[in-house]
Amino acid sequence: METIFALATAQGKAGVAVIRVSGPHAIEIGEKLTRRTLPARGMIFSKLKDSAGEILDEALVLSFTSPDSFTGENIVEFQLHGSIAVVSAVMSAIEETGVARLADPGEFTRRALDNGKLDLTQVEGLADLIDAETEAQRKQAQVILAGTLGDLADRWRTDLIRAASLIEVTIDFADEEVPVDVTPEVKQLLSGVLHDIEKEVDGVAIAERIREGFEVAIVGSPNVGKSTLLNALAGRTAAITSEYAGTTRDVIEVRMDLAGLPVTLLDTAGLRETDDHVEGIGIRLAQERAERADIRVFLAEEDESFSIQMREGDLRLLPKADERRSAKGAISGRTGQGVDDLVSRISDTLRNRTAHDGIATRARHRETMNRAVLSLRQAIEVVEQGPEFYDLAAEDMRSAIRALELLVGRINVENLLDEIFSSFCLGK
């Protein structure tokens, strides 16, 4: 196994930079640069020198010996001043030792996976934690990174192996009298795992929205204040506003943190009949995005109707509260009237929905768990038909077990790993 190194912090000028080295020669490299013996697991403060003895910097040097490290290999980390010149000099000194190469993106984490320090779901959790923009995303990623989904999958797998072993024993003694009917215990094990997995599958859709973000579309006729409201919600000028109808012709997106949840606000083209080809394209796009949005905020008069039908959770408000005698049920992006109340209502709706999220967060999780669900349903049906069909039930159970192994990355995930690790930085 080669020794690898990389800058683990962001490139550019900073107060502190961290360079990570992992592999069989990591300790050797640390001792060459410090001219000192490193502890098996500890930290020293030392000058760093190149091969000619020139002082490059003073640094905290952390050392971890295999297997008690992030990658499961020997690791040395140099915490030094974040000068671009200092980082470049230390990186060059490491390369000049001739026993290490620059890491590929995500290679440290790949080694942690290969060495059993993380499972695939934890790798995905780490990627999500790095990308987290809101508190809800951070909490969600931490749960996955802690191994919660992997632990669940291992528990399900253990129960299925137990059920399969009972079936296999019965098959092996098919010509003899088996003293105990294993059918009740097998059905109980299979039904329990099936119930748990189905519950997780039901929560994936909401969990995915937390990870990827919710969409809230502002919908209405032209010139009712949609863009002004978007700007008020965003706290900045994100959309052009004017007194002329049809100013907005494209969907304008603003990403924001709404009570800890990731939300993308959509300002859409005004809905109306038009002979303008470009405006017509914008209106069709507005309708498509509004149909897919999690919540639609309709700015409309009481007697107005649209081709887009309201759904549960959608909100309908009267526009331009500042121009009305009675502002009840109305909102104004220009004055801010009703904006705080709208934010609260959107937040409450989304929080109520996220109360039913699951641990699994990705389409991949849902797909592999659905494979297991299908196999388990078939296994239960076959078991109920009697011992003469146990060999078919055993194959269904093995299929369910393989699906769970795929979930945590034990089998057939090379292409997926390449995709995941390509999004990591060099030092991760």
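Using N, Cα and C of the backbone, Cβ positions are placed for all residues, glycine too.
According to Swiss-Prot, the (6S)-5-formyl-5,6,7,8-tetrahydrofolate binding site annotation covers Arg20, Glu77, Lys117, Lys428. Annotation comment: Swiss-Prot describes 213-351 as domain 'TrmE-type G'. The GTP binding site annotation in Swiss-Prot covers 223-228, 242-248, 267-270. The annotation Mg(2+) binding site is assigned in Swiss-Prot to Ser227, Thr248 on the grounds of sequence analysis.
A distance of 49 Å separates the Cα atom of Lys117 ((6S)-5-formyl-5,6,7,8-tetrahydrofolate binding site) from that of Ser227 (Mg(2+) binding site). Summarised as a single figure, the pLDDT of the domain 'TrmE-type G' (213-351) averages 79.
The binding-site residues recorded for this entry are Lys226, Ser227, Ala269, and the Cα of Ser227 lies nearest to that of Glu77 ((6S)-5-formyl-5,6,7,8-tetrahydrofolate binding site). Taking the C-alpha atom of Arg20 ((6S)-5-formyl-5,6,7,8-tetrahydrofolate binding site) as reference, the shortest distance to any of the binding-site residues Asn223, Lys226, Ser227 belongs to Ser227. Helix, strand and coil residue tallies for the domain 'TrmE-type G' (213-351), in that order: 41 helix, 31 strand, 67 coil [DSSP]. Candidate binding-site residues: Asn223, Ser227. Fewest other C-beta atoms within 10 angstroms, Asn223.
In this structure the alpha carbons, written CA, of Ala269 (GTP binding site) and Ser227 (Mg(2+) binding site) are 9 Å apart. DSSP classifies Lys117 ((6S)-5-formyl-5,6,7,8-tetrahydrofolate binding site) as coil under the three-state reduction. Neighbour density around each Cβ, counted as other Cβ atoms within 10 Å, peaks among the binding-site residues Glu77, Lys117, Lys226, Ala269 at Lys226.
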